[in-house]
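Colleague: Mind having a look at this structure? Questions to follow.
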Amino acid sequence: MLLLARCLLLVLVSSLLVCSGLACGPGRGFGKRRHPKKLTPLAYKQFIPNVAEKTLGASGRYEGKISRNSERFKELTPNYNPDIIFKDEENTGADRLMTQRCKDKLNALAISVMNQWPGVKLRVTEGWDEDGHHSEESLHYEGRAVDITTSDRDRSKYGMLARLAVEAGFDWVYYESKAHIHCSVKAENSVAAKSGGCFPGSATVHLEQGGTKLVKDLSPGDRVLAADDQGRLLYSDFLTFLDRDDGAKKVFYVIETREPRERLLLTAAHLLFVAPHNDSATGEPEASSGSGPPSGGALGPRALFASRVRPGQRVYVVAERDGDRRLLPAAVHSVTLSEEAAGAYAPLTAQGTILINRVLASCYAVIEEHSWAHRAFAPFRLAHALLAALAPARTDRGGDSGGGDRGGGGGRVALTAPGAADAPGAGATAGIHWYSQLLYQIGTWLLDSEALHPLGMAVKSS
């Protein structure tokens, strides 16, 4: 039965993508034929991203020098790619040693160089440094940085070489010298800690039958507080976890508001709804205008990556007003980072939205288009409903037919789908859901690289 369901889902996903490809979509890279990108060479002394190398937005902090006798030496792997020339002036093979992430990016760059300039190869002049020839806390000491040129040493090519390094996925690229380009990557554990789109296990949701529940304890049949596309509160079925890692230690963005005082933790690539500038700070989102939080339209609230939310912007929180519960915009007071070891969980509801710690968030991550992500999961929701209909004897544990709409604010209650526990992926299996992995893979084929958050999904190095 599950195999059949997966086959049906694949067919539906393909149909959905074909249809969307014929349309002119609202997002970057959507609904249009991808043309070869025009690459612009970096200028001398330019670096991308435009932040310091050892900051969160680039390659991250220095984690300590690696020597041949240290425990961390096993983190380094030799690169024997025949398409790369290693200078290795020390004759120790040190320049070939690097982290797996650095190796993957370097190998990708080698292919780009050969495609850009036939007959020319990538040349590495400096890799891992064990002799202390670089500045203090240089990432060369960790095997996370390389200095590169082209094999013909044609300096007129170096600006474009730097651009190719950016496109290959290096986390920081610097046209450092007229003689070479400097590239570096994040630490392996740093990438894993910051990747994905999740909430910590300590986050809470509101249940239809009253009370709250830790997000890590959600199970099929639970109905949790969410919002529709007009910003009205309702209860929606919890379907599955798109990602679940009980033992994860993650870096979360901490979004805090003061009036009312709320605190939400979520990973960098997760989507959070932000109110437009003309949305009254004291009023409810107007249903008549279609400007409710989940719409993501140009004039209404939009969903942003958590890493892009800034103090002064306004998010939607649940507040009591005139004895009624409703969504109100609240100004973000601070955005900080916190490392938590409470696990990481990405719940999916039928509505595609969820109230976490009384703050409205999307169920989706990786791509900054909530509406498109929700459409992409339509086949999954359909399969879930079909399988539920095939097992009418089973009922949801979270259902309470007499509960009505306890969310207030004129909200609507979604119908409970019996047999939800039998839906594909409804169990609490650890790891990333197979459907999410499928969509991510398709997205990497169809979308521009800028459309996907760089920390959207932790991908194992090959």
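Including glycine, each Cβ sits where the backbone N, Cα and C put it.
Pulled the feature table from Swiss-Prot, pasting it below:
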BINDING   GLU89, GLU90, ASP95, THR125, GLU126  Ca(2+) 1 binding site
BINDING   GLU90, GLU126, ASP129, ASP131  Ca(2+) 2 binding site
BINDING   HIS140, ASP147, HIS182  Zn(2+) binding site
LIPID     GLY197  cholesterol glycine ester
SITE      ASP243  site 'Involved in cholesterol transfer'
CARBOHYD  ASN278  N-linked glycosylation site
REGION    279-302  region 'Disordered'
REGION    395-414  region 'Disordered'
COMPBIAS  400-412  compositional bias 'Gly residues'
Colleague: List the residues in the vicinity of the Zn(2+) site, defined as same-chain residues other than HIS140, ASP147, HIS182 with C-beta within 8 angstroms of the site's C-beta centre.
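Modeller: Here the non-site neighbours turn out to be THR125, GLU126, HIS134, SER138, LEU139, ALA145, VAL146, GLU176, HIS180, CYS183, SER184.
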Colleague: How long is the line from the C-alpha of ASP129 (Ca(2+) 2 binding site) to the C-alpha of ASP95 (Ca(2+) 1 binding site), rounded to the nearest angstrom?
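Modeller: ASP129 (Ca(2+) 2 binding site) and ASP95 (Ca(2+) 1 binding site) have their Cα atoms 7 Å apart.
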Colleague: Long-range neighbours only, meaning 6 or more apart in sequence with Cβ under 8 Å: which ones does THR125 (Ca(2+) 1 binding site) have?
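Modeller: Listed in sequence order: LYS87, ASP95, ASP147, ILE148, THR149, HIS180.
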Colleague: Counting Cβ atoms within 10 Å across all protein chains shown, which of the binding-site residues GLU90, ASP147 comes out on top?
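Modeller: Counting every other Cβ within 10 Å of each candidate, the maximum falls on ASP147.
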Colleague: Return the count of C-beta atoms lying within 10 angstroms of the C-beta of GLU126 (Ca(2+) 1 binding site), excluding that atom itself.
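Modeller: Around the Cβ of GLU126 (Ca(2+) 1 binding site), 22 other Cβ atoms lie within 10 Å.
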Colleague: According to DSSP, does ASP131 (Ca(2+) 2 binding site) sit in a helix, a strand, or coil?
Modeller: coil
Colleague: If you measure from the Cα of HIS182 (Zn(2+) binding site), which of the recorded positions GLU89, GLU126, ASP131, ASP243 is the nearest?
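Modeller: Result for HIS182 (Zn(2+) binding site): the nearest of the recorded positions is GLU126.
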